[in-house]
């Protein structure tokens, strides 16, 4: 789907340079099909970089996707210009009376922070409760998965002793599941997290269906049977250099990080990394948009009655 964004959003020129199909609002108004309304709650510090990553994945389908960016942290950002936030982001009270076809909640660098110490924890809880009645399908990514499991299922925060960072192999558990349709039996995806997601914990304390696991037995992709919520514990949206940027940042901070697993050629940080997960990331988001959003969302969003199988 070509994504539909405001004409002036920096991602327009950035993604067009990569030959990604981006449709400005001006052009979209001449088409007579209803775009999917997708809300992105961007919790990452470098918001422009994160916008580019997610919009790239949302752009590769035959229908329009109307993107709305949401922020819930009113504190001054050290990584994103205030002008950008004011021009392209809305606050929750501006959209709380609307319905959306899809919601994406991004990760956040909060792996070692207790939930109640997160500055915007009450706002996250508010958005997730609101989404139950106002969003057809919600996709949680990395830290947002941990937050959602706590809010929706009461699962306590699970933290690893050491951060997991690198590109890991996964395998699908249900070859005919819609969200994994077209996946290879084994595929690669990046991880960068302290959060722990043992598959047994998900099976024992939720009614969610695990669709893909890491080779070590961590849940990677899981969802509710009614398709209303889906979870991905890694970062399929990452650019080729994102893990490298995080690694060198931590080196400069004196944190002595481990070299990201299976990422730099010959395990040498001086070598340029290659993205080995792009096809997986694109297919995952295309499947979510098609099977979890487009196929069940009502045509008239004023009446939130998803067509569930």
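Cβ atoms here come from the backbone N, Cα and C positions, even for glycine.
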* **Further binder of substrate named by Swiss-Prot next to 192, 249, taken from the candidates 157, 163, 225** => 163
* Identify all same-chain residues not among 163, 192, 249 whose C-beta atom falls within 8 angstroms of the centroid of the substrate site's C-beta atoms; report them in sequence order. => 109, 165, 243, 246, 247, 250, 257
* Quick one: give me the count of other CB atoms within 10 A of the CB of residue 192 (substrate binding site). => 21
* By Cα-Cα distance, the member of recorded positions 111, 142, 237 nearest residue 163 (substrate binding site) -> 111
* What subset of the recorded positions 192, 237, 249 lies within 10 angstroms of residue 142 (active site, acyl-thioester intermediate) at the C-alpha level? -> 192
* **Nonlocal residues around residue 111 (site 'Important for acyl-CoA specificity'), in sequence order (Cβ under 8 Å, 6 or more apart)** => 143, 159, 163, 193, 194, 195
* Around the Cβ of residue 163 (substrate binding site), how many other Cβ atoms lie within 10 Å? Please give the count over every shown protein chain. => 20
